[in-house]
Every structure is written in C-alpha cells, then in structure tokens.
Amino acid sequence: MNFGRGPSVVLNVGGTRYSFSREVLKDFPLRRVSRLHGCLSEQDVLEVCDDYDRERNEYFFDRHSEAFGFIMLYVRHGHLRFVPHMCELSFYNEMIYWGLEGSHLDYCCQRRLDDRMSETCTYYAAEEPPGEPAGGSLEGKGRRPAAAEGGKWLERMRRTFEEPTSSVAAQVLATVSILFVIVSMVVLCASTLPEWRAPENRSVEEQSRYTAESVREPSGIIEAICIGWFTAECIVRFIVSKNKCEFVRRPLNIIDLLAITPYYISVLMTVFTGENSQLQRAGVTLRVLRMMRIFWVIKLARHFIGLQTLGLTLKRCYREMVMLLVFICVAMAIFSALSQLLENGLDLGTKNKDYASIPAACWWVIISMTTVGYGDMCPITVPGRILGGICVVSGIVLLALPITFIYHSFVQCYHELKFRSARYSRSLSAEFLN
C-alpha cells in the first residue's frame, strides 16, 4: 500500500472490524476497498472512507454493518443475497457504494430487485471519486501533473465521442453524426427508385459499380463524404479509447465497421477487377456490400436512449430469449408433425399438398403461433382445423410467458440509461453556468 504502515490494515464498518493483509487489498473484489491500495496521501484516503486512524492503520466506514457482512460472504463464497428484513433498494445502495452491481446478485434476488425498482422507478448510480467523471479516470486529483493533464484531455475526448449529453461539444458532434446518418439513409433509399436510374437508363448492376463517373455524381459525392465522416469518427474513438481490444469487441463498434468497410471493399474490387469484369457485370456482391450501409441506422443507438434500452434489454434477457426460442421450436416440431399427418399423411379422402412434408408444415406453424396468418396455406380437414386452433392458442400462451421477465428488465434498463443521461445533463448545465 502506498499510504499507511504495518503489514495489515483494518476496516471498521459500522463498528464491525475486519483485518486484511496489505497485499490482499490490491486485488480486492470490492472496488472501494481496492482503491485504498493506490492512495498516496491522507486526503486521498479520506475521499474513500469516512475516517482514518494512522497509528492503528484502521479505516472507518459509516455504513450498514449487517449489509457489509452479507457482501463479505459474497467475497468469500461467491454468492450474494439480500439481507433478510432489509429493503432491497437500501441493500442495493450499499452494493453500489462498495462497487458491486445488480448482476452480482443471485438470480432470484435479481428478480426481486427488478420488481422493486420497477414499482418505485428508482435507480442508484455507482459512486465515483470526487472529481472523477464517469468512466473512472484519475483526473483532478493533483497527481503527476503532466500525466494527469494528458489523461484529462483523453477523458474529455472520450466523453465527447461516447456520451452525447456530456458537454456542448458532444451534443454538437452527436447532432452532426445524426445528420450524416439521415442523409446517407435518404440517399440509399433514393438510389433504389426507378426514377433515380431512369435518366441514364442504368440497371441495378450498373448502379452498383463504383466507377469514376459514379463517384463524380451527386449521390457518389454524398456517399463519399458520409463515409469519410464515419471513418474519421471511428478512428478518433479508437485512438482515445482506454482499452483497444475492448473497443473492437463492443457491438456498436462492430456495427460501425460493418457499415464502413463495404464501401472500401467495393472500391478496391473495382480497382483490382476492372469495370468490365464478370464480377462487375454480375454486380451481386457489390449490391450486397452497398446494401450493408443499412447498418448505419443502428449508429443512432449512440444518441437515443430508446435504442440503447432495446440493446441492453436483449443483452440482459438472453436467457429469456433462448427460452422463448426453445418453446417455439418444441411447439413447431410437435404441431408440424401432427399437421402433416392429419392433412397429408392419412387417407381421409382429401390430401392437402401444402402439407406434403414436415418442413413445409413448419411454415404454417410459425405463422399460426405468431397469429400472423398469411393465408397462403391452411388446413382443410376437420382434425387439421382443430389442431390449427390449438396451435394458435398455444402460440399465444407460449409467447406471453417470458414477456413479463423481459418487460421488467426493459424498465430497469430504461431507468438506468435515463439516470445516466440525466447525470450528464446536470454536468452540461454546470458547464453552461460556468
């Protein structure tokens, strides 16, 4: 430990004392406790805890001792549950203070917390060190002035590109990015209109080529400008990111790459294969690559809480989504086999050719269970119609079962993102006042 003496340290939480060796604190599972290892002065220590006894090397925390005892059980055994007879939100507040999240709770307690937060529309944000912005930088603490200034600049750039409500510059950048996305989508949609190609009587394949003439056209110029903006934005965000490997693995960044790279691949294919090659005449590959620009729409998720909430909900509810798919697949296997048997497999006087095989019947099952009912195929025998009614009712029930869990997770994700947006809005208001 950089501050304090002695081979061990003592944590005093609400009157209950816990003793640890100095080396244990470095990689302690609780973020607030592990921060003690990097403290350089007594002032830094008092930013983490409520009081400090230098002689006994004891740190005082004015927190709920029983809640911390349950948190220590998680540190030792890996299971975190609510304290009996304690409000779920109060215990969750203690978790946030010590550096834990709702995902650390056992599954049953997570559901209790989701229900409780949905009822009260409450969300607690993780406490951050004074002067430290979201993201955990060490700026503003007066350590290593040159490094601190560099880290402060990088953190400011990172927040400008990652958090649209963190500053005026971030809002302007987000607005410009949204405008580029909208313009690129309008151009993409307009390029598929027959009137767009009619004056030059060009086919879709010809429209797919990145020739010298097409680049000079207004649509080609607009597309090149949009691609240039998105490329520059992606490069800057990669440069200022803390963890480059984590940056590449993030879903939104993968979507950015999927939206940008087809343009450069198409240009390179035109350069290396020539404008009159068989590949260019076929145009299929280039059309697919150009149509991948539709992924630019998902870039709006960076700027709208609704799309972020949808993505975060799908991420957290993957178990429920898998369970829903399993329900559908099991029901599809059962009903498709029975419908094929009743409509075509048995000699009941009439054979329905639409149900000639089980795979063909699967299409009827899926549109019936989801109550879409295109009407392109339907049972004609009495047993088949009875089975169809059972299939529709079963589909409604099976699809409705996981919806409650997904709904509660959606509400929690929405409140979390809304709270974070409000926090940055408050910092933005302070920037205006200053």
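First residue shown is number 1, and so on along the chain.
Heads up, the Cβ atoms here are built off N, Cα and C, so glycines get one too.
Curation plays no part in TrEMBL annotations; they are all automatic predictions.
Among the features that TrEMBL reports, domain 'BTB' is placed at 7-116.
Taken from TrEMBL, the feature transmembrane segment applies to 168-193 (among others).
Residues annotated as transmembrane segment in TrEMBL: 220-240 (among others). Residues 154, 157-158, 161-162, 176-177, 180, 183-184, 187, 210, 214, 247, 253, 256-257, 259-260, 263-264, 296, 299 of the same chain lie 6+ residues outside the transmembrane segment (220-240) yet bring a C-beta within less than 8 angstroms of a C-beta in it.
Annotation source TrEMBL lists transmembrane segment at 252-274 (among others).
Within its own chain, the transmembrane segment (294-314) has Cβ neighbours under 8 Å at 162, 164, 174, 177-178, 181, 184-185, 188, 226, 230, 251-252, 255-256, 258-259, 321, 406, 409-410, 413-414, 416-418, 421, counting only residues six or more beyond its boundaries. Taken from TrEMBL, the feature transmembrane segment covers 294-314 (among others).
If you look up TrEMBL, you'll see 321-342 (among others) marked as transmembrane segment.
Residues annotated as transmembrane segment in TrEMBL: 354-374 (among others). Using a Cβ-Cβ cut-off under 8 Å and counting only residues 6 or more beyond its ends in the same chain, the transmembrane segment (354-374) has close neighbours at 328, 331-332, 335-337, 339-340, 343-344, 384, 388, 391-392, 394-396, 398-399.
According to TrEMBL, the transmembrane segment annotation covers 386-410 (among others).
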Cβ-Cβ under 8 Å with the transmembrane segment (168-193): same-chain residues at least 6 beyond its ends: 159-161, 207, 219, 222-223, 225-226, 229-230, 233, 290-291, 293-294, 296-297, 299-300, 302-303, 428, 431-432
DSSP-assigned states of the domain 'BTB' (7-116) in counts, ordered helix, strand, coil: 56 helix, 19 strand, 35 coil
Overall pLDDT for the domain 'BTB' (7-116), taken as the rounded mean: 84
